[in-house]
Amino acid sequence: MQENLRFASSGDDIKIWDASSMTLVDKFNPHTSPHGISSICWSSNNNFLVTASSSGDKIVVSSCKCKPVPLLELAEGQKQTCVNLNSTSMYLVSGGLNNTVNIWDLKSKRVHRSLKDHKDQVTCVTYNWNDCYIASGSLSGEIILHSVTTNLSSTPFGHGSNQSVRHLKYSLFKKSLLGSVSDNGIVTLWDVNSQSPYHNFDSVHKAPASGICFSPVNELLFVTIGLDKRIILYDTSSKKLVKTLVADTPLTAVDFMPDGATLAIGSSRGKIYQYDLRMLKSPVKTISAHKTSVQCIAFQYSTVLTKSSLNKGCSNKPTTVNKRSVNVNAASGGVQNSGIVREAPATSIATVLPQPMTSAMGKGTVAVQEKAGLPRSINTDTLSKETDSGKNQDFSSFDDTGKSSLGDMFSPIRDDAVVNKGSDESIGKGDGFDFLPQLNSVFPPRKNPVTSSTSVLHSSPLNVFMGSPGKEENENRDLTAESKKIYMGKQESKDSFKQLAKLVTSGAESGNLNTSPSSNQTRNSEKFEKPENEIEAQLICEPPINGSSTPNPKIASSVTAGVASSLSEKIADSIGNNRQNAPLTSIQIRFIQNMIQETLDDFREACHRDIVNLQVEMIKQFHMQLNEMHSLLERYSVNEGLVAEIERLREENKRLRAHF
């Protein structure tokens, strides 16, 4: 278990607990509501806590670096009762009694977008794994998916008005799997691509179900609780109930610890039970937490990187640890169930931060991993189609945030983390709450030791597009080329990856990326040269699939050319829809990042599939050769002439014995 990992619970007030000892660390209440606090959410760097009350008086952002201190108040009097942060903690989604879902920009402290598709009170909101969609549920039983990139909402789906949706959660492994619980005790797993039930667990709870939570380390496991005092564990593959426990009191809140082995469950009598999944007969610990019912429990994000996540290295997405992303075993396309932690937010492309060349060159394998970041992984056997649905949408609906938005919101000086051996690194410098600079001197950030081989890097989504000095760019390019030769040993692969990056660059430049005739052209070309190095380093670090060797360069070249051409066309079409010389908004850049990431994932999956097919074909050929060899041995190992001669001699011997 991570040292000093904490969790927060809400009831009549907010309390912060030590996760290992279950002892009280702090308590506070920034709200004036007599009905308690209904929703809480940690920021990605664990330094801030966002809260909303049951009466919807306001949304409060509090600093929890030292003593809890309210810093920011939003939505005063707007009756917002449920909150959720995106993976970068730059945007906050809320819903409440006014039937509205609001997206807040925490830098400007204003409503970024307001969605009024619900007909009744919004009870729960959540972002999906890549922050492109928001799922919200209401008292009327409706579930609506809102696209952040296209500003479109799906047709409401659900089970009817008699089934108020009480809680929604996305699976951490199957990106298109959404779980919901309702008042009539039905637990439903939804396929968000088709907006139809993947499976209904009917009448598993005899009273209203109150919470659902997916395991952060096991792709098959999730748990629900209800007012019938039941804790039920499920298997998503067999669609069966694994185990049912009965507690002493009605249960109201649940969350998994990042290690995946511990559950924290709140009850209507203010108690919190800690269960160990390895011995589920009774709770390991029980504490009296609140005077009223426990309405919400939220664990901090884990900042521990395990060996398995390091081995995965450059697989998909960057670093600390987030509920919405979990490592996937590249060898089998399945999930590596041991030692996986929640991975923290970042963008969809591995972020490259400038590092000293000498230290990077001296670290061997880890040097390339650190250069490319430690990316999040996505599930290769269930690729979500959610982002695909927004690829062809017109970007004209996006709000242009102006030139200053790129520099002010995502400052490269503020967001870039400097990695030094043996030094302490503040976790989450690139967090969305850096809009509070005056607090840095008052509340020093919580320090966490960072080793040279497992450095956790934080940056804003735009760091991959920020320009850097030409000398450093050339050094990064040379280092990447040398590392490439060491790990791949294939000049053809290098050429194919460069071809991909050049096509991306040409497609982007043809889409009117320039904001000024001279200097911005150079900056824009640098923005796309960095992802070229990054893509190459990311694919270099990918371990061999199923222990096989590097794919055939001819196959890789042909697949890469097709993928690159289609990707450049999509990017050019998307950006070309903007008005002339308009700067890219953060949403557009994130959309392009997601598009590139998904294309790389498709390419990686295609390579994996080709290698598996090749191995299967080789096995078939070997089997056919074995059978042919057996038949030839049986056919030619026996000499028919000799056998006939032996039989003739035997008959002759018998005849001679009979006569003489």
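Here the Cβ of each residue, glycine as well, is placed from N, Cα and C on the backbone.
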(message) Which residue does Swiss-Prot record as phosphothreonine, given the choices THR319, THR382, THR480?
(response) THR382
(message) Annotation phosphoserine per Swiss-Prot: which of the candidates SER33, SER196, SER411 has it?
(response) SER411
(request) Select, from SER315, SER426, SER493, SER510, the one residue given the annotation phosphoserine by Swiss-Prot. (result) SER426
(message) Among SER43, SER54, SER194, SER325, which is the one flagged in Swiss-Prot as phosphoserine?
(response) SER325
(request) Select, from SER282, SER516, the one residue given the annotation phosphoserine by Swiss-Prot. (result) SER516
(message) Tell me which residue from THR155, THR550 Swiss-Prot records as phosphothreonine.
(response) THR550
(request) Mind looking up the mean pLDDT for the repeat 'WD 1' (1-31) in the predicted model? (result) 89
